[in-house]
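Going by TrEMBL, these are the annotated features:
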type     : residues  : note
TRANSMEM : A:6-22    : transmembrane segment
TRANSMEM : A:34-57   : transmembrane segment
TRANSMEM : A:77-98   : transmembrane segment
TRANSMEM : A:110-129 : transmembrane segment
DOMAIN   : A:129-421 : domain 'NADH:quinone oxidoreductase/Mrp antiporter transmembrane'
TRANSMEM : A:163-186 : transmembrane segment
TRANSMEM : A:206-231 : transmembrane segment
TRANSMEM : A:238-259 : transmembrane segment
TRANSMEM : A:271-292 : transmembrane segment
TRANSMEM : A:368-386 : transmembrane segment
TRANSMEM : A:406-429 : transmembrane segment
TRANSMEM : A:459-481 : transmembrane segment
Amino acid sequence: MNALLAIPFVVPLLGAALALLLRRHRRVQAGVAVATLAVVVADTALLLAATADGTVLTSQAGDWEAPLGITIVADPLAALLLAVSSVVLLVVQLYAIGQDIGGLSRAMPQVFHPIYLVLTAGVCLSFLAGDLFNLFVGFEIMLTASYALITQAPTRARVRASMIYTVVSLTSSILFLTGIALVYGLTGTVNLADIAVKLGSAPAELRMVLALLFLVVFGIKSAIVPMHFWLPDSYPVAITRISAIFAALLTKVAVYAIIRSQTLLFGRDDISTVLLCVAIATMLVGIFGALVQDDINRLMSFALVSHIGFMIFGLGVNSVAALAGVVIYLVHHIVVQANLFLVNGLIRQYVGHSSLRSMRGLTTVSPVLALYFFLPAMSLAGIPPLSGFVAKVALFQAGVGTGGWLVYTALAAGVVTSLLTLMAIFRVWARGFWGTPMPDMVEARERLKRGSHLGGLKFMAVMTGVMVVFGVAIAVCAGPLSEVAFTAAHGLMNGSAYIEAVLGSDTR
Amino acid sequence: MSAPGFTLVVVAAVLYSSGFYLLLQRSLMRVVFGILVLGHAANVSLMLTDRAITLPPLLTEHEGPLSDPLPQAMALTAIVITFGVTTFLLALAYRVWLGDENDEVPADLEDRRIGRLAEPEDSA
């Protein structure tokens, strides 16, 4: 058993148990939580270093032979996403600790930390799972933790929103289970690599049905249109640091599952027409929704839906370059979404709400906050030289390289979406950041500066700054990042390395 | 297909359709029941492979072919997960009821507003 592969989900679970026991000692508990995530960050960095050249690491739990036992697999894609996610998880956690030190949140930290660590374990297990049932278990760990997190600091609105969220997620989980049952009935295995081999001899129609079923299952979880309705109703209602981690990771884990299932399992079947149509609808519906919102968090949630479309577009184009674009886009989007929601959290601290109707002159109230919002927002819209530009250029180049009228239509939709994203951001900027600040906003700032909250608030701002720097660093490191992305994309397009690593070379 | 297999297919079909029907109701209690029924449907479909149900289970002293234990293990895991989450859903539904004295899914006000905007054009 390769310990590197087990640490990302075993250590957070142990950490969660320890944090639960230490709930009366707040500082020790926070220390345990931070230390746990620091271990995960270090471990995933090592994993990334070990797999960056295209190596696929595998580990069989309890030394059971491959298609029988539980397989943990890290290929370059999983390792890259794990590394980025764990850094984002750590930064958001530090932000949350800052908020708790300042006494600025009504969430109970003693409950927050253990659940947050369980969420981390779920995210990591989903990325590393080498069989379909463990993927299901990883998703369930992640989602169950998220059900509990979304009801933190419960209000009537939050309880209602979490009801919708829980029911929708559960429905998709049950469909997932149905999919597992059908795949098992057809192939007699749940091991991803083994399924990939055995589905080859299955009837093409059945494969197509399964491919579409799994697209629906993960489509609900990643909020692609027309299965996106739940997201803008539930994410913005949760407390901001939790919406930040949901927006950054939960949908992206589902996108990862879409990529994994559609390339490794159903790579032989061509559903690119469906994917491209869904991508166009997702981009446009999402961004038109964002344009009419008055609440910053709701606006960002619709923008999130819209930008999932770009990743589905890359998958629909279905070439090595396009998949590499998707990988870069995933990395960029995880960081930028977390960043924007963290800034929204800071805005809420300053203004007390997140409605654009009664917000003006944030630039004067806090120039740093304006900068923190400006950089990731421009990155989201794809303005050079930020990471969003890098990701979009990679995707668009791949699209042009492939050609075909549907791809060109999707490209046009992508360009329109980028421009409309810019427009949505300008609306926020013009209404919230420009102008003379409202008197009560200035008062609120003075109160914050005098109050005992200042230390916590500063810490939150520093952590948001770290996230901004991380986002900029992605653009700076675009060269090495695209190398890893291309290695990952080659691995996805040609599954034999993955299959051989899991099953051994003699079984093919 | 053998008789138990066919029966299970019918049972799964009924469970799925009634589950989704309940899920689309406005009362939250019915939604919770819908999830419960859908969970059963998924477990039944895990049992659908003939190998899983027509042969003796793994635990007997029986010599010869045994039933496939893996779908049973997966169903067991799934039951535990659905059970836990259903309990959570019940608690949530209770909280909603405590807060609002009713457990209906509210109408989407924004949607109604946009609907009203469209009305004059329809009648003209």
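Sequential numbering from 1, following the chain as shown.
Any Cβ shown, glycine's included, is placed from N, Cα and C.
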Practice prompt. Spell out yes or no: are there three or more C-beta pairs under 8 angstroms between the transmembrane segment (A:368-386) and the transmembrane segment (A:271-292), with each pair 6 or more apart in sequence?
Written response: no
Worksheet, complete the sentence: Stretch winning on C-beta pairs under 8 A with the transmembrane segment (A:110-129) (pool: A:34-57, A:238-259, A:459-481) is A:238-259
Worksheet entry | Which of A:163-186, A:238-259, A:271-292, A:459-481 contacts the transmembrane segment (A:206-231) most, counting Cβ pairs under 8 Å | A:163-186
Discussion item. Are there residues at least six beyond either end of the transmembrane segment (A:271-292) with Cβ under 8 Å to its Cβ atoms? List them, or say none.
Written reply: 208, 211-212, 215, 219, 224-226, 228, 232, 262, 299-300, 302-310, 312-313, 315-318, 406-407, 409-410, 413-414, 416-417, 420-421, 423-424, 427
